[in-house]
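Enquirer: Input: one structure, supplied below.
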Amino acid sequence: MKTCLIFFLYTTILQYYFHFSVSSLSTPLLLHLSHSLSTSKHSSSPLHLLKSSSSRSSARFRRHHHKQQQQQLSLPISSGSDYLISLSVGSSSSAVSLYLDTGSDLVWFPCRPFTCILCESKPLPPSPPSSLSSSATTVSCSSPSCSAAHSSLPSSDLCAISNCPLDFIETGDCNTSSYPCPPFYYAYGDGSLVAKLYSDSLSLPSVSVSNFTFGCAHTTLAEPIGVAGFGRGRLSLPAQLAVHSPHLGNSFSYCLVSHSFDSDRVRRPSPLILGRFVDKKEKRVGTTDDHDDGDDEKKKKNEFVFTEMLENPKHPYFYSVSLQGISIGKRNIPAPAMLRRIDKNGGGGVVVDSGTTFTMLPAKFYNSVVEEFDSRVGRVHERADRVEPSSGMSPCYYLNQTVKVPALVLHFAGNRSSVTLPRRNYFYEFMDGGDGKEEKRKIGCLMLMNGGDESELRGGTGAILGNYQQQGFEVVYDLLNRRVGFAKRKCASLWDSLK
C-alpha cells in the first residue's frame, strides 16, 4: 500500500511538472528574430543590397520551377535567407542560429565535423557548427519521423536499408537505436544537404520540449546555415510543438520591423510569437458577425484581415492563399486564375513566405501592375533606366520633388479580406550617385518582381508574398483554423510591449 502511494505521488508530480513546463502555458512565448544584415557591418550601398536581395528572391522562386526538378514530388522553394532565430537543442547551453523558413518543414543545423560545398560566396554562419549533446539519441528506422524525412518512404524499406532482420521488420521490432533512420537527402531550390535524424530536448523561454526531432548535417551544398522549418509538415517546429502543447503549436505570428535597409532599423529585433491567438473581443474582419455600432477606423486598422489557406497536394507544407487582384490607386487589376486557386497537380496559389525578400508575380499580371503604376508616377518623374539593371528592381524613377505614389492594395479571397500596404513596403526611396561619375540624386523603385511567364510556372507556385511586403504587419498563421491573418502593427513597439 505504501509503495502504491509513493508511486502515485511520484507520477502525479511528474504529470504536474510536464503539464506546467509544456501544456499549461496559456500565454504566448516570445522569441526574437534578427535580420541577417544585423550581424554584418552593413556598409553596402542601397543598390548593392537591392541587387543581392532581388537576386536571392528570383533564385528562390525560379529554381523551384526548374525542369530538372520536376521529377521530385516535393521540393521546398529554398532555405530562407533574411531572418534568424536562435534555438537551444540538447543539454548544451549554447544556442544555434537558424533561418526562419515558412517555406520548408524540417529543422536542421550543421554538425561537427562540417563541410559546406560551394559556400565561398555565402554569408558566414552566425554560430559555429554544433556538437551533438550527450543526451541526443538516434531516431529509429520505424519511426514516423524517419518516414517523413524520407518523403514518406515506407518504414519497412527504411528498416531494410538499416539492416534490420526480416523477422524484426515483419513483427515491428526495429524500433531501437540499433536500427537508426538512414541518412536522408533534403533539397532546396538552390542547395541541398545530407543529414541524420536525431532526437533531443528543445529549450525555449519558459518551456522545455523533450523528444524534439531534428536533422544533423555534416555535408551541405551551398547551405552554410541551418534552417528552422515552420511549414505545415510533420517535422516542422510548430508541428512538433503542437504534439506537446496544442496552444503553442496551433498558431504563431511574427511582426517584421520596417527597416528599408536602414542600418539602425535593421538591427531592431522582430517579435516571433508562439501561441498567438486573436483576442475574443477582436472581431475577424470580413465575417458576417462583424457588426460595429461605431465607425472606429483606428480600431479597424488594428484588426486582423484573414484569408483561408489553400490545400496543396504537391507541396502540403506551403502556406498558400488565394489572391483575387491588386489595386493601384482606384483601379483593380484582377489576378490570373492560377493565383486564385491551386490545381490538382499542385500548381498555383500565392505562398506567404518568410524567406523570400520581394514579392514575385507572374509576368503578365506583373506587367499590368507596372503599367498602371507607371502611368501615374512616370508621367511626372523621369524613368531611372540606368539604375534598374544594377538594382534588380523596376520601374525606378528620379525624384526631384515630392512624389505622389498611388496606394497598393492586395485583395485576398474572403469577404473584405484586403490588405493595404504602407508606401514604404512597395516603393523604396534612396540616394545614388555622387561618386564623381554621376551626380547624387534621389531615386524611388517599385518593390515587386517579375516571376516569369505563366507557362513556365505551371505545376509550381504561382506567386510569392515576400517578407519585405510583410513589414509593419503582424502576420499570424492560424493552423487550427487554417487561415493566415494580417494586422498593421508598430512591430518595434510590439516587441517592447511583449518583452
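Backbone N, Cα and C define each Cβ position, glycine as well.
Just so it is clear, the model here is predicted, and its values are computed rather than measured.
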Enquirer: Going by the disulfide annotation in Swiss-Prot, which one of Cys255, Cys396 is bonded to Cys445?
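Expert: Of the candidates Cys255, Cys396, the one Swiss-Prot pairs with Cys445 is Cys396.
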Enquirer: By a simple count, how many Cβ atoms lie within 10 Å of the Cβ of Asn211 (N-linked glycosylation site), its own Cβ left out?
Expert: 14
Enquirer: When the Cα of Asn400 (N-linked glycosylation site) is compared with the Cα of each of the recorded positions Cys119, Asn175, Cys445, which one is closest?
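Expert: Closest by Cα: Cys445.
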Enquirer: Taking every protein chain shown into account, which of the glycosylation sites Asn175, Asn400, Asn415 has the largest tally of Cβ atoms within 10 Å of its Cβ?
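Expert: Output for this query is Asn175.
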Enquirer: Is Asn415 (N-linked glycosylation site) helix, strand or coil when read with DSSP?
Expert: coil
Enquirer: Taking the Cα atoms as reference points, how far is Asp353 (active site) from Asp101 (active site) in Å?
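Expert: Approximately 7 Å lies between the Cα of Asp353 (active site) and that of Asp101 (active site).
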Enquirer: Using the alpha carbons only, what distance in Å do you get between Cys119 (disulfide bond) and Asn415 (N-linked glycosylation site) once rounded?
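Expert: On Cα coordinates alone, these residues lie 46 Å apart.
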